[in-house]
Amino acid sequence: MASNESKNDLKKKRKQIQEEPEEEELSQAVGLEMLSDEEGDVSAASDDGEVDEFPEINAASDSESDDDGENEEKDEDEERDSDEEDEDDEETDSDNEINPFPQAKTIISDITKQPKRVFPEIEPDYDSDSSTEDDPNRIGNVPLHWYDDLPHIGYDMNGKQIFRPARGDELDKFLDTVEDPKSWMSAFDKSLQMDKPLTAEELDIIRRLQANEVPDVGYDPYEPTVEWFTGKGKEEKMPLSAAPEPKRRWVPSKWEKKKARETIIRAIRQGRIVPSKPNSAQPQFYSIWNEPTDSQHPPPLPAPKPALPTNAESYNPPEEYLPTEEERQEWEAQDKEDRERNFLPQKYGALRLVPAYGQFIQERFSRQLDLYMAPRIQRRRLQIDPDSLIPKLPSPSSLKPFPSYRGLWFTHGKGRARCLSVSLDGAWVVSGDEGGVVSLWEVTVGREVKRWTFSGKIGSLEWCPRTDVSFFVVGVEGHLHFVIPPNLPSGVLTVTQSLLAPGTLPPPPATPSPVKWVSSSSSASLDDPILTLQLPALSGLPGQITWHRRGDYLASVSNSEGEGSVWIHQISRRHSQAPFKKVKGSIQMVLFHPSRPEFFVATQRYVRMYNLAEQKLLKTLMPGIKWISSMDVHPSGDHLIVGGYDRKLCWFDLELSDKPYKNLRHVRYHTKAIRSLHFHPTYPLFASSSDDGTIQIFHARVYNDLMTDPLIVPLKILRGHDIKDGLGVLQVRWCGGQPWLASAGADGKVAVWCS
């Protein structure tokens, strides 16, 4: 092993000896003094920064390394051996160049007993010889002046700062050139902020540039000429003459002109060519006011005539036309559009002293605009009576009966009368106020029969629509109370008590409900509710109660937001459920369809129709109202009216479209927010109440013929409620069987309007 290393050292020394003359020739050619490795050239160190190890001394060898010229035969033998080893090294190097990646070995696995490929382990102390590691500063192509005020000049590959090396002044540079003759062979590296020695190749390029030679060593300026146009098929075809084109080739021939002229003259004489007739078209400029009149149209208007000159336009006007100094200053201060005249009258001694008129071109242009834009035909204006455009509506007197006057008054002493409800036969009215008082009174005489007091505001009231029972529901904060009125027949009272407080309760549902049903004894006094529904906590005040037409299902809407604001209660099963798991928007009102299993839900801006049997959304009605306040469905079930706080009333044809069929919004209707809407169950009437203190009565007839549009006629405006705190009539309800209307107002009064 030691002999092989000594042979390699001898080979390196021979190569250095062979290269030294080349360096001397290069230094002599450039005019530089090249230093050898033995003189301590720092730049000759290897790129990896490691120092070559000193070869081990072979004890079996003689002192050939000390005196190379003594035993030449041994040197020749050693050279042969080294040459053979070099060949082997070159073969391995060539193999490594072909396959730069580590070679895998195939071995037999101890577990699977199958051959597998195994790669050599990666040496952790391996140092790459890549040329990219020459430059330790890895900041990239960024301006170096960014680091002028910093102690470092960049970062290395590991992200550590490279500090700026110390540099001397100009005197230090001069002393370096005196002491070190190689100092001029270096260049300043901006990325490292230090002088870097130039290589032999770079010095050769500098020498070539100084000698005005090509910097590239491999460039040959005396390459052999490539014969592009010599040989078969490469001949260039050239014209025989370069003389310009003669004139006869582009000037018309006189002989051909003479022959063509004779041919044309002969054709004209024979009549084969007819000369063109004179043009009879209108001239380019003509008077548009002189067009011939048509018998079917009236004659054109005459051209507008310019105004005749007055005394103020004379060159010698009277004294009263001449302006004073104040009038002149006032005229100059005015705008051109506000001036009475475009000029100021001036006086001249003779006509020859009058200068040119400065507004002549402007006035001529204005005159032409007058002629161009003036009407030439007088168009007759249509004489149409506006009343003829309004559709003919029947007279209100022919549409009777409808309520026209106030028949009865009933006053609540505590707060506003927020809600009321009329019994199915129209004989009883129950009303509630904000003080928690519920009053039952007769419609015909207005006598109060019974009064109940609850804790909290009364949010809503609704009478049961069944004919075999008689009770109503009162909505208080978080509770629904079922109340039986007095003076009922014994049969009706027994059926009502057995319905609301049965002796045998139905089995509880599979899914428990958060709504609790609490009933009292059937023999208890009628002063207390016979049944109470306790809504979930934070449900709020029930603002609306609506019944299904069969009287078994009841829906309540509270003022809280979320899925707990709407509850559907079934009386026979004593069960309550929330129909919506997720609510889109704040629910304002709900309604049952009078004949189909459909459910109307009104949010702030939309009305959605749901099929309760199939549990799906049928359609979404878009009334275009900013905030929906009330709605009601027609007894036929094909029409719906929706009112809003923006004074807008929309009529929907459910079979036609999801857009309103008609919008009733006018100054002569309600001027403030609409609060309540209600269809009459038997008569073709509906009513609307508003915060302006008025009640509008409309005739609404719906025909069985689908091709005939509904007839909507405004009949009467009922006034009588006072406006209190910006609120007017809060709710209206029709009396069944009679064209009478009951209304509750913010002034605490309940009225009955009769026909």
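Glycine is treated like the rest: Cβ placed from N, Cα and C.
Given the structure is predicted, the values throughout are model-derived calculations rather than measurements.
The feature compositional bias 'Acidic residues' is assigned by TrEMBL to 35-55 (among others).
Annotation comment: TrEMBL describes 63-96 (among others) as compositional bias 'Acidic residues'.
Residues or ranges marked as compositional bias 'Acidic residues' by TrEMBL: 122-134 (among others).
For 297-307, the entry in TrEMBL reads compositional bias 'Pro residues'.
Residues or ranges marked as compositional bias 'Basic and acidic residues' by TrEMBL: 330-339. Counting residues 6+ beyond its ends, the compositional bias 'Basic and acidic residues' (330-339) has Cβ neighbours under 8 Å at 323 in the same chain.
Under the heading domain 'BOP1 N-terminal', TrEMBL lists 147-403.
Among the features that TrEMBL reports, region 'Disordered' is placed at 1-138 (among others).
According to TrEMBL, the feature region 'Disordered' maps to 289-339 (among others).
According to TrEMBL, the repeat 'WD' annotation covers 667-708. Residues belonging to the repeat 'WD' (667-708) score a mean pLDDT of 88 in the model.
For the compositional bias 'Basic and acidic residues' (330-339), DSSP puts the residue distribution at 4 helix, 0 strand, 6 coil.
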